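Asks: In case it's useful when we look at the structure, here is the feature table from TrEMBL:
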- 17-120: domain 'Cyclic nucleotide-binding' (DOMAIN)
- 290-412: domain 'Peptidase C39' (DOMAIN)
- 444-580: domain 'ABC transmembrane type-1' (DOMAIN)
- 440-466: transmembrane segment (TRANSMEM)
- 478-502: transmembrane segment (TRANSMEM)
- 551-576: transmembrane segment (TRANSMEM)
Amino acid sequence: MTHTTSDIQDFLRHIDPFDQLSETVITQIANKSQIWRYRMGQVILMRGKLSSYVTILLEGQGRLLGYDPRTQMPTTLQRLTPGCIVGDVNLIRGVPCETVIASTEAVGIALKQEDFWNLLEEYPRLKEQFQDQCTLSELYDLLGTRLAQEAQGDIDIKALAEDLIEDAQVHYLTPGTHSLPPEHQQQLWLVSGGGSIENFAVGNRLNLNNGQTSVIVKGAQAARVISLPLLDLERIKSTPQLPSNQPSSSLSVETVEEEIPYADVEIVGLPPKPEPTPKGKKRKSYPFIKGKTPLGVGSACFQMLSQYFGMPYRRDVIRRILAQQLQRTGTLSLPLCGAITELMGLNAQLIKIPASSFTQLKTPALIMWQDSLTILYDVSEKEVVVAVPELGVLRKNPREFLEQWGESGEVLLLQPTKDTPQQRFGLSWFIPALKKYRRVLVEVFVASFFVQLFGLANPLMIQVIIDKVIVQNSADTLQVLGTFLLIIAIFEAVLTTLRTYLFVDTTNRIDMSLGSEIIDHLLRLPLRYFEKRPVGEISTRVNELENIRQFLTGTALTVVLDAVFSVVYIVVMVVYSPPLNPSSLGDRTHFRGHDPSFLPHHSPSTKG
């Protein structure tokens, strides 16, 4: 399908507010604009990156997304149809707050920002339409920032913005010093963008406190401020609502002949470009599970994803689904993998992209590479990191990798949601804290080893004193052996003191580290969590962590030392008296064999 300039003119004549322009101006806009196509799932605008175009949707459909700063999850604000204009509020605010994704194959009219600004300057009606009205995406962004600052976690920002959009008013403060009108005390004034206001960042409430009587606008551009009725806002906020709009996945792919060029835009969720790894810096490690058969490859990929996101892995369920699919079709497809990842609790989106956009993907993702299911862990202009169950974690040059991948292909984008299950609490939760202090714990273990060694040397020296001094009546030998015993006692006391100091200091640091993590986690929980728990339950559970930590750093250390020294003691006993050694060990075996016969008799007496 192709579009001529006449088609664009006819389209703009029926689009508000361009229908207010003359035929000559519409013709000029049509001549200056560009026509771009967008694949399904491709990004038209990206939050956080200011585009140099204003886009008018000509064909197809799209989604306008807002990002909740409290959960970092996208929410669909509006379904876009032909005639919708996007990107204008980003330019007017100077803050890229809009994310627009093509829901279907779409065609857009792209107008350069220079031409857009010229239209606003020449035609007051356009300026009134674009600059003097607050949009839903702008209000959603400002309210999200405000509620995040107030730690309001149970209010639906989208519903709140829809309720207040009709009452939102736009104000412009020209560069210089301004006194706010008296009615601003009954309104919520939020800094939206434009010129910078001294001591007030974008999203902050413009409120004069501590004797402040005016605000200062810096720069050459007027500051944009949005005012909301404070009474209506407090009334709506007093009725908490849980966000109801969850990001949905798209697991279908379409292809269309490329008569109109595709826009060179980025993939949804594009993160900041990763910095190159400095020389000598350790590379990031990624989970890896081996797999040889098709069933093993699929199971390994989902297990690696579970480890990457810290999720529980339901091995039996996933392997059963994979086995049934392999029996029916003989292969594993990305749409099926998308359904499985949704079952696991992830948000999946299947898209088809050209090779030129591959390095802009957000990771991790699932792809098919060399006819095998592969996890894309990281991608940049310099390196592609993939996990292939049959081969391992591979680091490839992007050009070489894309030569094997093809000119285009399907990619299954994966993102966690606020409902994504996390791995249950276990001993593994303590491992990072123990790893952080592993060097000191090793020193404590070594010191404990030598303390045990000195403790073993003491009775042996007493035996030597009995044999050499008392039996042989050698007084000179007594002085030497006594001095040696004194030195051993001093070393043992010093080592015990150092070990105790290191051990107590390290365990206190571990307790502080774990305690701070618990407090941070508790502060992020909603109030409903505490309302459902009786008084004292949370503090009791927190105190139990001390017992677990004490077991890992105290009891476990003692068990390891006892296991090591049991071998040392047996060796010493064999050297000391080979006939006596089996007799001593035999007594232990004899008593151990009688333990079960005594347990039934003692267990009833311990129950009452």
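Here the Cβ of each residue, glycine as well, is placed from N, Cα and C on the backbone.
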Asks: Quickly jot the same-chain residues contacting the transmembrane segment (478-502) by Cβ under 8 Å, restricted to those at least six beyond its ends, or write none.
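Replies: For the transmembrane segment (478-502), the list is 440, 443-444, 447-448, 450-451, 454-455, 457-458, 461, 464-465, 468-469.
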Asks: Compute the average pLDDT of the predicted model within the domain 'Cyclic nucleotide-binding' (17-120).
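Replies: Mean model confidence (pLDDT) across the domain 'Cyclic nucleotide-binding' (17-120) is 85.
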Asks: Helix, strand, coil: count each for the residues of the domain 'Peptidase C39' (290-412), based on DSSP.
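Replies: Helix, strand, coil within the domain 'Peptidase C39' (290-412): 56 helix, 37 strand, 30 coil.
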Asks: Residue counts in helix (H, G, I), strand (E, B) and coil for the domain 'Cyclic nucleotide-binding' (17-120), per DSSP?
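Replies: Its residues fall into 27 helix, 46 strand, 31 coil.
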Asks: Could you tell me how many residues in the domain 'ABC transmembrane type-1' (444-580) are helical, how many are strand and how many are coil under DSSP?
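Replies: So the domain 'ABC transmembrane type-1' (444-580) is made up of 124 helix, 0 strand, 13 coil.
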